[in-house]
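J.: Dumping what TrEMBL says about this protein:
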type	residues	note
TRANSMEM	29-51	transmembrane segment
TRANSMEM	82-102	transmembrane segment
TRANSMEM	114-136	transmembrane segment
TRANSMEM	148-169	transmembrane segment
TRANSMEM	190-214	transmembrane segment
TRANSMEM	220-241	transmembrane segment
TRANSMEM	253-272	transmembrane segment
TRANSMEM	305-323	transmembrane segment
TRANSMEM	384-406	transmembrane segment
TRANSMEM	426-448	transmembrane segment
Amino acid sequence: QLACCCGIAACSLCCECCPKIKQSTSTRFMYALYFILVTIICCIMMSTTVANEMKTHIPFYEEMCKSIQAGEMCEKLVGYSAVYKVCFGMACFFFFFFLFTIKINSSKSCRAYIHNGFWLFKLILLAAMCSGAFFIPDQDTFLNAWRYVGATGGFLFIAIQLILLVEFAHKWNKNWTADDANHKQMWNGLLALVTLILYSVAVAALILMAIFYTRAEGCMYNKVLIGVNGGLCLFVSLVAISPCVQNRQPHSGLLQSGIISCYVMYLTFSALSSKPPETILDENNQNITICVPEFSQGLHRDENLVTGLGTTILFGCILYSCLTSTTRASSEALRGIYATPETEVARCCFCCVPDGDADAEEHVEKRGGQTVIYDEKKGTVYSYAYFHFVFFLASLYVMMTVTHWFHYESAQIEKFFTGTWSIFWIKMVSCWVCVCLYLWTLIAPLCCPTREFSV
């Protein structure tokens with residue numbers, strides 16, 4: 001593995017029993033590993049529990065903090081300002097490689113070798129950038145300016161996530177409706193079954209939210225938003241099967257709108273859960289919380305467990321979005337192109353490359369450990385620059401999410417799921433933007449009849 005860390009060789013595991021790995025996959029995995037490492041550090045910095053445990057169990061803690069000039073009790077290494085600085089270093093790292101890898105079309109160029117190797121030096125560079133941010137002069141001005149940059153990048157990353165969801169819905173429907181004379185009836189049956197399940201989940205979620213998040217008096221916000229979002233799901237479903245849309249886009253159907261409806265219901269539930277609790281006075285003049293399920297308090301007794309599981313799931317979704325957004329189909333979708341090969345064959349694992357890919361087995365190298373497939377001998381299989389740009393935006397999104405967006409001063413990782421109005425409205429606006437993006441893919445061919453659209 002020395003050539004992997006200090007040279008241009010692709011990284012692989014030492015165990016021979018591990019499945020084969022492509023060079024392009026290995027490279028993306030290593031960058032994702034760096035991303036996860038810094039994200040974990042950010043979560044630790046936002047944890048008061050970890051900070052208190054370190055003070056208690058680390059001997060000479062106060063002397064160590066003074067020696068590294070981090071304050072008497074390392075207060076400069078905890079809180080939102082420390083996360084801003086560390087994420088600034090990570091964002092600069094990915095932005096530097098974004099500029100460095102622009103217009104790389106051949107994996108044999110010098111810049112491509114640097115992108116695919118020299119992992120030890122890149123780890124040192126990342127650590128230096130994250131550490132160097134703590135020595136930026138005029139910290140107050142830096143934090144105020146960087147906060148707006150982070151919000152802009154975070155919103156842009158949310159938009160990319162939503163576009164990829166729409167692309168996934170169209171790709172799923174088109175693959176399962178692909179020409180397959182032998183099994184056409186089976187695929188149509190599966191399509192109908194999955195569509196029925198998706199709409200059943202969406203309707204059940206709508207009903208449960210109406211039961212548990214509303215009451216006869218009050219909860220006006222919840223009532224309006226549940227009604228509006230339910231109406232939007234019905235509207236896009238009717239538009240998807242309308243004759244004018246079907247004439248221009250025969251592959252449009254209820255499967256896509258079912259996926260969007262489920263996601264809208266998820267965002268609605270997440271937003272309602274993130275809303276600050278409403279309180280009223282009961283007959284005994286005591287404050288009681290309304291518009292939330294009565295059993296929800298029991299689910300949050302062990303806040304550390306809930307926060308740990310929820311944070312892991314959230315950042316797993318972030319990582320998935322980063323890695324899937326670098327495929328050719330996804331990058332084309334971000335430019336408004338939803339085309340798929342006309343020779344595509346319907347299959348369950350439609351997201352994976354089908355067997356028999358000519359480029360996949362181009363050159364295989366064994367070095368006593370995991371087998372590495374060099375799949376980029378003829379050219380790059382994904383855009384290096386776009387890959388780093390997505391991780392740059394993800395760094396900003398992580399920074400804003402960990403620090404509770406615009407409620408940064410009171411942010412703690414233990415209160416990650418505590419309701420705030422900023423998180424509530426971010427999720428609701430994301431929900432509406434997702435509906436608008438999907439609706440645009442349906443009506444765009446009608447608004448621009450001279451332009452060719454393919455979904």
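From the backbone N, Cα and C atoms, a Cβ is placed for every residue, glycine too.
As the structure is a computational prediction, the values presented were derived from the model and not from experiment.
Please go over these features one by one and say how buried each is and what sits next to it.
T.: Note on the transmembrane segment (82-102): residues 34-35, 38, 41-42, 45-46, 76, 111-112, 114-115, 125-126, 128-134, 136, 143, 146-147, 150, 153, 384-385, 387-389, 391-392, 395-396, 398-399, 402-403 of its chain, located 6 or more positions outside it, place their CB under 8 angstroms from a CB of the stretch.
Long-range neighbours of the transmembrane segment (114-136) within the same chain, counting only residues 6 or more positions beyond its ends whose Cβ lies under 8 Å from a Cβ of the stretch, are 3-11, 23, 27, 30, 34, 38, 41, 76, 82, 85-86, 88-90, 92-93, 97, 100-101, 104, 107, 142, 376, 384.
Packing against the transmembrane segment (220-241) from elsewhere in the chain are residues 202, 206, 209-210, 213-214, 252-254, 256-258, 260-261, 264-265, 268, 271-272, 275, 291, 428, 431-432, 435, 438-439, 442-443: each is 6 or more residues past its ends and has a CB under 8 Å from a CB in it.
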J.: Mind pulling out the one from 148-169, 253-272, 384-406 with the most Cβ pairs under 8 angstroms to the transmembrane segment (426-448)?
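T.: Comparing 148-169, 253-272, 384-406 against the transmembrane segment (426-448), the winner is 253-272.
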